[in-house]
């Protein structure tokens with residue numbers, strides 16, 4: 001089955017290249033470093049290397065506390081991060097600077113991943129969440145390189161998809177040295193698909209280990225003064241194509257009761273910033289973009305477009321309410337724990353299947369609400385704006401949930417320590 005998968009991928013390679021070219025037209029970030037995607041990287045120094053794969057922005061952010069611990073505890077190891085998107089690369093650069101090396105993940109063809117591994121010479125490979133790459137996993141196993149699925153999740157929807165190719169899923173998961181799942185439900189689905197029960201454990205969700213720097217509060221206060229301290233402000237973050245129309249419909253209803261309300265709108269992908277700005281203007285909203293001068297914000301401004309990356313925590317902290325996107329359209333949602341950790345009440349749409357358990361915990365304890373359409377979204381925003389006590393209590397509930405469920409990094413480090421200490425590199429750990 002893996003050979004058939006490889007043949008199909010090889011036959012599709014010309015279309016993949018065309019698609020990469022099309023992406024390059026829309027997003028200049030895709031024009032850079034093409035060779036890495038085909039496995040061509042410089043030969044790396046002989047330093048023991050931890051390779052962490054985090055597909056895009058969300059995975060990079062979730063992995064940040066783990067990366068910090070690895071760099072502290074295994075300071076003699078070089079840390080390499082791979083992503084699939086330029087936004088993920090940018091997030092890694094912003095968060096870690098030059099302390100890590102970044103490459104793009106090669107396409108999952110045998111000769112490409114073998115070449116990449118030969119040049120990189122990793123001591124261990126850590127793969128975030130639900131990335132299953134049959135040829136990469138097999139190449140690591142054949143090379144004797146431990147491969148660990150960390151913060152592993154498998155939604156019922158994804159499990160149904162993998163179940164259509166049971167032989168390939170089972171063989172791929174059988175090549176994994178250790179599966180560290182977010183929850184018992186994730187572990188059970190992964191085992192059913194082929195993960196070895198003896199090598200599958202529940203270590204918790206790294207996303208709960210989010211730690212916001214103290215400077216966020218001060219930066220948020222500055223932003224809030226820019227937007228006006230006294231007007232109600234809510235944010236719609238990580239939005240996707242088709243969501244903004246629904247959000248603007250809801251916002252029009254909110255403005256009928258709160259005419260001075262301001263919406264911060266943060267599209268998920270930078271290549272959509274201009275299109276979303278045009279949509280807002282066509283709908284008749286006065287809009288200011290984050291990258292404009294702060295003085296441009298006035299009492300007449302209705303939408304503040306966050307056309308920058310890496311600033312969502314500050315924007316969340318400056319908001320009264322947070323809607324987290326990718327959930328009013330069929331994407332699967334995004335990380336609701338970011339605003340929750342900042343004591344901001346959270347709203348999400350019905351398509352939150354990538355965050356089912358987090359949604360259940362937050363909604364079950366009065367920290368978040370699911371809204372199914374523009375009418376429900378407007379109604380809940382109005383409810384929260386009208387009741388300061390409800391907003392405060394929901395925010396406190398949200399922060400407490402995040403704090404109570406932290407500990408995934410510590411549990412994972414204990415699991416990884418056995419593997420890293422057993423690699424036999426002769427490199428000692430720092431205290």
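Glycine residues also receive a Cβ, built from the backbone N, Cα and C atoms like all the rest.
Here's what TrEMBL has on this protein:
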DOMAIN    32-210  domain '3-deoxy-D-manno-octulosonic-acid transferase N-terminal'
ACT_SITE  59  active site, proton acceptor
SITE      129  site 'Transition state stabilizer'
SITE      207  site 'Transition state stabilizer'
DOMAIN    289-400  domain 'Glycosyl transferase family 1'
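Mapped onto DSSP helix, strand and coil, the domain 'Glycosyl transferase family 1' (289-400) counts 52 helix, 14 strand, 46 coil.
Classification of residue 129 (site 'Transition state stabilizer') by DSSP places it in coil, neither helical nor stranded.
Long-range Cβ contacts of residue 59 (active site, proton acceptor) within its own chain (separation 6+, distance under 8 Å): 83, 88, 128, 129.
Here the Cβ of residue 129 (site 'Transition state stabilizer') has 22 other Cβ atoms within 10 Å, regardless of which shown protein chain they belong to. Counted within 10 Å of its Cβ, the other Cβ atoms near residue 207 (site 'Transition state stabilizer') come to 27, all protein chains included. A helical conformation is recorded for residue 59 (active site, proton acceptor) in the three-state DSSP classification. When pLDDT is averaged over the domain 'Glycosyl transferase family 1' (289-400), the result is 95.
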